[in-house]
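So the structure is just underneath, and the comments pick up after that.
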Amino acid sequence: MNPYVLMILLSSLGLGTTLTFASSHWLLAWMGLEINTLAITPLMAQHHHPRAVEATTKYFLTQATAAAMILFASTTNAWMTGEWSITDLSDPLANTMFMTALALKIGLAPMHFWMPEVLQGLDLLTGLILSTWQKLAPFALIIQTAQNIDPLLLTLLGVTSTLVGGWGGLNQTQLRKILAYSSIAHMGWMIIVIQYAPQLTLLALGTYIIMTSAAFLTLKMSLTTKVSTLATTWSKSPILTATTALVLLSLGGLPPLTGFMPKWLILQELTKQDLPIIATTMALAALISLYFYLRLCYAMTLTISPNTTNSTTPWRTQTTQASMPLALFTMATLGLLPMTPAILTLTT
Amino acid sequence: MTPVHFSFSSAFILGLMGLAFHRTHLLSALLCLEGMMLSLFIALALWALQFESTGFSTAPMLLLAFSACEASTGLALLVATARTHGTDRLQNLNLLQC
């Protein structure tokens, strides 16, 4: 792609999210969301390939529908109450409609079907933008309105998302679909706690962005999109294979790694709010997710692929890709857990 | 609920229903989206009249500009889909399912 066009698209992507962050009026927030969708569409369709075009079409249709529903919910609220500011979304019908539209936008469980298919059709860097940067603007809106939304709806969305995110990833062999289901499960964790402790939602979103960036950049570095290719990465770069397994376990939420921090704090908050059944369900749903991360680790580190590698030792040659972001995100993914007290002090 | 409110709400919901349940052609999906945006345009334009707010008269224009951009993106995707898949039927968009 032409670098000038790419620069315009990337800066519009930034502009859309910033506009939604900065707005207090629903129309401006909607315009930010629309700019985001319109700016990422050419990025997704830049390789003129049937799968990329299909993914772009599906993404465009869902995002345009969700944005129109968000604006309709706020217009209904304005006709009922005369208020356009984001924090004053008080009409119950408008609230429910807004939450449904936002669940469609970020891919929460009953409205998640577009997410794996879209992510499957994209290349890894656009998939990284889709699963990190594109989540920020919707979360800025939901953090501001969450106090008015029906708690039952939020709990249902959160629990079904974690369950479906675990269940859907079980039989997949495509890594991008697995990462999409992992995204659905993590979104469920963020939504379940949003009414009790919004700062924990932000913490979970931050750690999720760090972890999923590390995962996508690792896959980009080793050029893998399938489990079978992942099984031969040990011959390409042994150290990257070792950290890949740890990054995946961190996404699954195992204790000495960063991914444990949001799960731990969210479960503690749910227990404090006297919701032991929901906390137990969430913890058990995390186990289903952990199964497919463990399966990836098993295929990658504990088995030797039956095919022989014919190439000449690729780990000797210098890579041409930039490895500094990968190193930074991997370090943050593996070692942020001791920072938990500092992060808690800073956020609460 | 005033009659105006009822009419644009039902127009929007009819568009949404068409988008969700009438899944044959991509072009009809884009038309339903455009219908939803136009009902929102009516809603915003009449809100300014109903509440007699003078500062709000640019909002329908902004909405119309953005929905035009959205419609043109949709049409570009329609052309791209027709070139890669050979048709604009939505049932042919099945390469990514598994």
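Any Cβ shown, glycine's included, is placed from N, Cα and C.
As annotated by Swiss-Prot, transmembrane segment applies to A:3-23, A:60-80, A:96-116, A:149-169, A:178-197, A:202-219, A:246-266, A:274-294, A:326-346.
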Is it true that the transmembrane segment (A:178-197) and the transmembrane segment (A:274-294) have 3 or more Cβ pairs under 8 Å, skipping pairs fewer than 6 apart in sequence? yes
With the greatest number of Cβ pairs under 8 Å to the transmembrane segment (A:326-346), the stretch among A:3-23, A:96-116, A:149-169, A:202-219, A:274-294 is A:202-219
For the transmembrane segment (A:274-294), what are the same-chain contacts with Cβ under 8 Å, counting residues 6+ beyond its ends? 155, 158-159, 162-163, 165-167, 169-170, 172, 178, 181-182, 185, 188-189, 192, 248-249, 251-254, 263, 266-267
Checking A:96-116, A:202-219, A:246-266 against the transmembrane segment (A:149-169) for Cβ pairs under 8 Å, the most are found for A:96-116
